[in-house]
Amino acid sequence: MRVGAALHRRPHHSRCNRDCRQEPPPPPPMASLLSSLTFPPPPSILTNVISVASVATLAYTGVSEATGGSHLQYSKFRDASAAPGKLLDALGISGRQVSSRAGMASLYTPALIAALAAFGIPGVVSGTPRVAPVAAALGVHFLKRVLEVLFLHRFSGYVTIDSLIPITTSYFTNTVFTIYAQYLTQGMPEPPIDLRYPGYILFLVGISGNFYHHVLLSNLRKKGEKGYKIPTGGLFGLVICPHYLFEIIGLFGISFIGQTLQSFAFALGSAFYLVGRSHATRKWYLSKFEDFPKEVKALIPYVF
């Protein structure tokens, strides 16, 4: 009886081992969402470090802009009495300045060259179907900025080397690693949710809206004028920095095209910085113009 009972219980015991195994817990909702929208993190520690550093440094700079701790020294926030950077001061170049036109062109040119170089290095843009459109979008973005500096904007001041070097480095580094991160997606499965076509639309809307409002800003000054005026037209009746808003839209368009963590990090970090800069810009207009309309927000109509 005992042997028979034991034999009788064995199938039940085996079935319990097979059926009663614990299933692994489901991933957290945020992790599940990210895995649906992005490629897996690349097998490059340096690329992942750059992504984290990009968001962190740009967010910190944005907070500094918003709180008045410090401003990058260009445009209306150029301050001749600003404290020099310690490293550049030690090198003997801190505080030096160049004309705004030359300085702003130099901000964007290295990033433009990096984007164009992707098409000249064998195997880069042919590696995956997304590298070419990401590199092309970055190239168009920075080519537009260079052409605007040379032929559209009307400048009245200078840019300090202290601000020129970190901004140029940020643009160049993020461009290089955004393209490189895309190149590293070779052989990886595509994200379950394809955002490329919404990305194309966002990019075109962003770059068009940014250019339109840059034209409006340029038209505020007649030839030879150097003072500031309250901008009007377009979305300037709702926010003081609609050109920043459309720049953010365009950068997120690029991140949707690429769907890598680095492309999203570049867009998110830039958004943090431009939020802070737009807040500081609104405060500046309020302090300089008594008739500045209080209902005009900084960046997002009716909200912020």
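For all residues, glycine too, the Cβ spot is worked out from N, Cα and C.
Just so you know, TrEMBL annotations are computer predictions that nobody has curated.
From a predicted model like this one, the values you see are computed outputs, not experimental measurements.
The region 'Disordered' annotation in TrEMBL covers 1-30.
Per TrEMBL, transmembrane segment is recorded for 164-185 (among others).
Taken from TrEMBL, the feature domain '3-oxo-5-alpha-steroid 4-dehydrogenase C-terminal' applies to 196-304.
Residues annotated as transmembrane segment in TrEMBL: 197-216 (among others).
Within the chain carrying the transmembrane segment (228-246), a Cβ under 8 angstroms from the stretch's Cβ atoms is held by residues 76, 205-210, 212-214, 216-217, 220-221, 274, 277-278, 281-282, 285, 288-289, 291-293, 296-302, all 6 or more beyond its ends. Residues or ranges marked as transmembrane segment by TrEMBL: 228-246 (among others).
For 252-275 (among others), the entry in TrEMBL reads transmembrane segment. When Cβ-Cβ distances below 8 Å are used as the criterion, the transmembrane segment (252-275) is approached by residues 37-39, 41-42, 47-48, 50-52, 54-59, 61-63, 65-66, 130, 133-134, 137-138, 141, 174, 177-178, 180-182, 185, 191, 195-196, 198-206, 241, 244, 298-299, 304 of the same chain, each at least six residues removed from its ends.
Same-chain neighbours of the transmembrane segment (197-216): 133, 137, 140-141, 144, 148, 152-153, 231-236, 242-243, 245-258, counting only residues six or more beyond its ends whose CB sits under 8 Å from a CB of the stretch.
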